[in-house]
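First up is the structure itself, then whatever we jot down about it.
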């Protein structure tokens, strides 16, 4: 099995869907390793725009089988709603090519209610979650009281565990705007149609052990990783290389490439430190030109300059073999473009390669920038590297050098499926 892993290198929304879509055309199997319907990928394919949340993007390729892995949390209503939306847009037979590991956990409507209550209790210290129930679901998993997807098929077991969860949350929060009987009733219907999608992950993957091309699609990004991200302003799963290996039982020696996806600038949704954020006309312009609104929440994304410190840190943890730089065209009309190259910590320490673990310290760092000239010309839809303006090529090559020579093999130059330069 030759495995390619695609990972977000910043705070998510880097545009992982397009490279995943492109690579899935040659893949036999596409797997999601972690996260849930809090993730969001947009793929423009012909005249259709597809929004993916819990489903793997490999569904667009008619020859690619797709697995939602053991490290994920699955909101069953969203799973079926998303499948129906894809089939309505012409992806006929998609439902026959997607499977769920029986060890994945069930994200309930109950978890979404609890998510809102937990955020409300934090007041001004909100994490800024998507409100989808991801955190409470992973909390139940860690506390060993969660419900696994395979347990949905055992009606008595499922109902007993769900009632126990509801009872525990009522003891904690008091009255809940939630009716456990309604959720139980909905799952009576899901149970009838979910069975064919549920698989023993290890046995399933064994069938593909000789596959020359397996694609692993990362969700969220390294800076949202539970261990390595800007804790506590993170998601509740392991979003990096280690999480993918663990969740899908990958043999590390089978990994042929690790692709880090980086936006040509930096964005973040929700709360938390963001050293290179631009709360000025530059940030507003990036937001407007880049149409920076979250696929999952619709929230306005915070915008800032490219941060080499953050990306060096990400590279050190995820060990990228190549990069996909996205949305280069958004920078077309800037006279000058800044790149963050170092942080000055509150105590005066200068760092180029790592970030402080303390979110409050990270929030107070000063960023040291270099300024590069813009190219002030259109790169939208450019297909060849040599056709890019000289200053655009200089920008890309500066990033490559700043990340120790990791090659930028793919460059996104627009929203369409084929708006991609391949430097193979």
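Including glycine, each Cβ sits where the backbone N, Cα and C put it.
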Next on the checklist: Of the candidates 48, 220, which one does Swiss-Prot list alongside 13, 14, 15, 16, 38, 39, 40, 41, 130, 144, 235, 299 as binding IMP?
Outcome noted: 220
Checklist entry - What's the CA to CA span in angstrom from residue 298 (substrate binding site) over to residue 130 (IMP binding site)? => result 10
Item to check | Cα within 10 Å of residue 12 (GTP binding site) - qualifying binding-site residues among 38, 130, 299, 300 | outcome: none
Item to check | Fewest-neighbour residue among binding-site residues, criterion Cβ within 10 Å, set 38, 42, 220, 413 | outcome: 42
Next on the checklist: Over all pairs within 13, 14, 15, 16, 38, 39, 40, 41, 130, 144, 220, 235, 299, the annotated IMP binders, what is the largest Cα to Cα distance, rounded to whole Å?
Outcome noted: 34
Checklist entry - If we check Cα distances from residue 38 (IMP binding site), which of the recorded positions 13, 300, 301, 328, 413 wins as closest? => result 13
Checklist entry - So, in DSSP terms, is residue 15 (GTP binding site) helix, strand, or coil? => result coil
Checklist entry - What is the nearest of the binding-site residues 40, 130, 220, 300 to residue 18 (GTP binding site), using the Cα of each? => result 40
